[in-house]
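First up is the structure itself, then whatever we jot down about it.
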Amino acid sequence: MPGKVNAGVPSGPDLLSPLSPTEDRELLLAAAYVSDAQYNRNVQFETSPQAIRLYHFYNHWTMRAATYFFIWVDLALALFEEPAVFPLPFLVTSIAEVLCLTAFFGRLVHFAKVTPQKVFWKDTKNICVMVTIVLTLIDLVIYASLEAVNIRGVRWSRALRPVFLINFPESRQIRRAFRSIRNTLPDILYVFLLFLFSMMIFSLMALKLFGDRDLRTVEGSPYFTNILDIAFELYVLVTTANSPDVMIPAYELNWWYSLYFIAYIIINTYIFMSVFLAVVYNNYRKHLKNEIHTLAYLKRHKMTEAFNILKVKVGTEFVVKEARWRRLVKVVAPGISSSHLELLLRISDEGQTGHVDKMNFLRLADLLNIRVVAINIKKHPLETWMPRVYQSSTSLLVQKMVQHRIFVWVYDVIILINAIFIALDEKDSLISYAEWLFLSLYIIEILLKLYTYEPSAYFGRKQTMRVDCVLFPARKYNSQQVLDIVLILRILRLLRVIVSIQRFRVIVTTLINIGPTMLTFGGLVLVVYYAFAIIGMEAFHGKVHFLDPGSGSPEAAVCGNPALKDSAFARGRYCKNNFNDLASSLILLTELTVVNQCFALLADGFALVTRQAAKLYFIGFHVVVVILIVNIFIAFILEAFFVAYSLEKSEVETAIEKKIQELGVGVQEEDMKDGGLIDHVDTKDSGFSADEGGNKKRDLRGLYFRIASKKYKTVDTLLQQMFESEIAPEGKDPSLEEILNFSPKKLNFDNSA
């Protein structure tokens, strides 16, 4: 029978007695293993007492936050360095960069103190960071020396700054994506070479078909007379950026020549680009699966190491005593509430035997990763102040009406009708009066919900309706403008209409679930964009300028460069698309990623102001970002969407929910949608509070729990669920040496499992 559960920490001698130095060291070592397993860190560290304490400090959130701070400061320096968005003296930016490098070196030294020397010097990440620091210092000295004698230098080391973002342990998700790309490259290379071969064959055919016919482009330049120009135009045609312009001169000569371009588009744009996606998807998934297998086995290995450190023999089996388990959890998650701790113990010690067996201990890292929400159900103030009135039959009828699903549906219909009225002519007096009617209905809704639901819970809910109350004090708007803004914001509640439909809700939830994985690729794209932006700034800075067309300057028509006279670049007014600062460069690269007509115009424009070899920069960006990274992004999103779309609760989540219900302290997800419960509260109460048999929601009082929404799943959790059916059960893992020396050629996890 579920009843009151005391979640207070026992005050027995085992828990309150001070630990011996040996026990303290064992506890810290086990906590380090569990923490690594929880956050999927793959770090080999020294096990001496001093090294263990340094390792805990290394992983402290303040140290990680400081590392990220200096990484972002280092990347942001490009905004203040020449060519700059916000110019600062070179002395200021160089001092800031030296401080960042000092912080990176300190972080590296700290890491060297906690890892074995052989492991540290074999780790490519550490070597990359050290080499980048040295190269950056050399570049700073050379550039400063040239500046001292008024010679403009090149800050080539700035393109290496993303190395710090990639190679510090905190960025393991981005590093994993890069590693998977690196492993996928050999397979993609063969397809790319075949694509280039096909393109060159068509280029030779075009040279023979059109080279001697004295054809001219729209700009008046020779048409298909140079093999390199032909190859570039045909490559651009794969992106469809110059279609159908590239075909027009030949098509005007004879319509039969259009068959050549149609054949080229079918073979290279549709077939080869589709093959690229298929090859990328297949190989990237294969390498990602091996990564996740390694991750899962290392996680299990670390938890086994932690268990072996803390285990004692009870009867015929080895277990971890409850007191040591509690201490361990408090070290790994110092901010955990006693209520949450008691809940996890009840799950791990199913029979309340006073100890945790190995199978349940190995789930601890997953248990700590599952977010459990504490819900504090309170009385409505009116129920306290005037219980007879609030509990009267009329009052209960009003509350039941507001809590009913039909009440929500009625207001959803009102919102839809309101949307139609907003789309109509607001100058009509009838429409204007109707808007005030809708506003009155919304105010009535707010008052009814405030009457029904406990106020702090009501205002704690993320609803659009709260906007109605906060906009009226805005003095700079007249009453009609305020009304318009309020009614427009109310339309956002139409999202609730969408979410209320099951099929829509599944899709929206799935997109939310894969959100963190999209952020991983956001970091990947940022690294590539930053490197290409720095290279572009060094190569093309000052070649193109935007001048106000109204200034009357003759240079405004040619983007400040006579080489662009009569060019499509200048006629299209692409002058703002330049590499004169970091912000402009990133915007230009974003336009190139979309691969619209500007790809050909930008490549031709910058080739005119420099040399034809500049086109290789734009082709390289397209190959790396559009063909490689975007295809990998699509492949990963497809896989993640398939998994998340059919996502079921994991075994650990099911165990937590089962125990919550057994203890009588559970609130279902559907009970939260229209009830006045406080969401996302990290309560520090010392115990659970369960109902004594009451079934009505309003009879529930005190602290309750539920599993948080699936949107809180981590990237690693989603990745592991993608391949968890292929992971061997506990006891059949590869050896640690096989895991650490993993290579697809050395070890096939499918076979080893």
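Yeah, the Cβs are placed from backbone N, Cα and C, and that goes for glycine too.
Note: TrEMBL annotation is automatic and uncurated.
If you look up TrEMBL, you'll see 57-286 (among others) marked as domain 'Ion transport'.
Taken from TrEMBL, the feature transmembrane segment applies to 61-80 (among others). Below 8 angstroms of C-beta separation, residues 86-88, 92-93, 96-97, 99-101, 103-104, 107, 110, 158, 161-162, 164-165, 168, 170, 530, 533-534, 537, 581-583 of the same chain, each at least six residues beyond the ends of the transmembrane segment (61-80), sit close to that stretch.
Look at TrEMBL and you will find 86-106 (among others) tagged as transmembrane segment.
Here TrEMBL flags 127-146 (among others) as transmembrane segment. Within the chain, the transmembrane segment (127-146) has long-range Cβ neighbours (under 8 A, six or more residues past its boundaries) at 90, 94, 97-98, 101, 104-105, 108, 121, 152-157, 160-161, 163-164, 166-168.
Beyond the transmembrane segment (188-211), the same-chain residues lying 6 or more positions past its ends with a Cβ under 8 Å from any Cβ of the stretch are 223-225, 227, 230-231, 234-235, 238, 249-250, 257, 260, 264, 267-268, 272, 275-276, 279-280, 283, 623, 627-628. What TrEMBL records for 188-211 (among others) is transmembrane segment.
Residues 199-200, 202-204, 206-207, 209-211, 215-217, 249-250, 261, 264-265, 268-269, 272-273, 595-600, 603, 612, 615, 619, 622, 626 of the same chain sit 6 or more residues outside the transmembrane segment (223-241) yet have a Cβ under 8 Å from a Cβ within it. Marked as transmembrane segment by TrEMBL: 223-241 (among others).
Per TrEMBL, transmembrane segment is recorded for 261-281 (among others).
As annotated by TrEMBL, domain 'Ion transport' applies to 404-646 (among others).
Summarising the annotation, TrEMBL assigns transmembrane segment to 406-424 (among others).
Taken from TrEMBL, the feature transmembrane segment applies to 430-452 (among others).
The feature transmembrane segment is assigned by TrEMBL to 506-532 (among others).
Tertiary neighbourhood of the transmembrane segment (586-609): same-chain residues 232, 236, 239-242, 529, 532-533, 536, 540, 543-544, 559, 561, 563-564, 567-570, 572, 574, 577-579, 615, 617-619, 621-622, 625-626, 630, selected by CB-CB distance under 8 Å and a gap of 6+ residues from either end. The transmembrane segment feature in TrEMBL is assigned to 586-609 (among others).
For 616-645 (among others), the entry in TrEMBL reads transmembrane segment.
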_Under 8 Å between C-beta atoms and at least six residues away from its ends: which parts of the chain pack against the transmembrane segment (86-106)?_
66-67, 70-71, 73-74, 77, 79-80, 129, 133, 136-137, 140, 143-144, 147, 164, 168
*asked:* Six or more residues beyond either end and a Cβ under 8 Å away: which residues meet both conditions relative to the transmembrane segment (616-645)?
replied: 177, 180-181, 184, 188, 192, 232, 235, 239, 273, 276-277, 280-281, 284-285, 288, 506-507, 510, 513-514, 517-518, 521, 524-525, 528-529, 532, 535-536, 539, 589, 592-593, 595, 599, 602-603, 606, 718, 721-722
